[in-house]
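Each remark here refers to the structure printed beneath this line.
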Amino acid sequence: MGDWSFLGRLLENAQEHSTVIGKVWLTVLFIFRILVLGAAAEEVWGDEQSDFTCNTQQPGCENVCYDRAFPISHIRFWALQIIFVSTPTLIYLGHVLHIVRMEEKKKEREEELLRRDNPQHGRGREPMRTGSPRDPPLRDDRGKVRIAGALLRTYVFNIIFKTLFEVGFIAGQYFLYGFQLQPLYRCDRWPCPNTVDCFISRPTEKTIFVIFMLAVACASLVLNMLEIYHLGWKKLKQGVTNHFNPDASEARHKPLDPLPTATSSGPPSVSIGFPPYYTHPACPTVQAKAIGFPGAPLSPADFTVVTLNDAQGRNHPVKHCNGHHLTTEQNWTRQVAEQQTPASKPSSAASSPDGRKGLIDSSGSSLQESALVVTPEEGEQALATTVEMHSPPLVLLDPGRSSKSSNGRARPGDLAI
């Protein structure tokens, strides 16, 4: 039948650049097709025409009946099948060898340029790289050519054409011979005078070989389908996923924020020197306990204090419950101012028992602000506001004015910081 060693060497080279399923397919091709066809099948079909006999003496009748019974010999049919299904693999091998050769030429050009620029050939310089730095390396860690890009497309087309050839030859074998050989074949073809009976040698053994080669072809077809799923379908599915959701891979690796970020509608995080400023004060039914302010002096100074918000002209809608909120804020600022300046000018109102009682009530009311009822909008603002108990920026204006006449509002003559 011929020597299959040359085709075997070529396919062995292609096996080095195939996937795992491709290597299994080539192993099946080597062992169960080429070796079986060369070792056993040729011996079974060796006496095929000589042992094909018909019960007639008409010249030429036996030949035409054999031609009708076997349009093509099984051996030659299977040989053509092996050649056709191996051709796409050989084309893929040619593409691999072309890429390897182009890489070798590129290295030779780099060495030639290096030798031309540096006669000492590489002392103090590395060879130039003509390719793009973004191009992936041609070989992997094991020194094998990577199946990617144009080479991957060639490999996929290789599998597709192998599958088509397998299906075509299986269908052709069914229409030509069927899957079973009968020992008796009746022929009425010219020049036979009438219907003659012809007999096939070793029909059972030949039927076994036909079924075996058909099973090997079906196994190769299944391997091709698995490899198409492994390469083509997975790559196609990955490409469609990346097309409709390009940030899916980044979202899987992106860490989640432990806390939600503050929106633009919320206030910025600032440090203030007085209690949190709520737009809706507590209901008058909430009663504050008179708790003394620790370390507070007995007589607050008579100073007019202008805060930074008042100087910038910010108007906050404040709803008073019997003037309690405004009085608390004024008393708080007076106490802070008294801590920063020595108490040299005690006022008559502060030294009186009524003034001392008012101081205790005001300090207790200011400390009770944290226990007031808070709306959801104010709760969101409180989360984004850092409250620190320290002195706010103060402006001392008209120290001689009495606290009874001051109402905490900004005057044209006040100086704001």
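Here the Cβ of each residue, glycine as well, is placed from N, Cα and C on the backbone.
The structure displayed is predicted, hence computed values, not measured ones.
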Membrane side check (same topological domain name in Swiss-Prot): S18 and R186? no
Going by Swiss-Prot, the cysteine from C54, C61, C65 that pairs with C187 in a disulfide is C65
Can you tell which of C54, C61 Swiss-Prot lists as bonded to C192 through a disulfide? C61
According to Swiss-Prot, which listed range is region 'Disordered': 247-267, 310-330? 247-267
Take the C-alpha atoms of C54 (disulfide bond) and C65 (disulfide bond) and report the distance between them in angstrom, rounded. 8
At a C-beta cut-off of under 8 Å, are there same-chain residues at least 6 beyond the transmembrane segment (159-179) that contact it? List them, or none. 22, 25, 70-72, 74, 77, 80-81, 84-85, 87-89, 207, 210-211, 214, 217-218, 220-221, 224-225, 227-228, 231-232
Based on DSSP, name the secondary structure state of C54 (disulfide bond): helix, strand or coil. strand
Per the 10 Å Cα distance test against C198 (disulfide bond), the disulfide-bonded residues C65, C187, C192 reduce to C65, C187
When you measure from the Cβ of C187 (disulfide bond), which residues in the chain that are at least 6 apart have a Cβ under 8 Å away? C54, C61, V64, C65, R68, A69, T195, V196, C198
Same-chain residues at least 6 beyond the ends of the topological domain 'Extracellular' (41-71) whose Cβ lies under 8 Å from its Cβ atoms: 1, 78, 176-177, 185, 187, 189-193, 196-202, 205-206, 209, 213
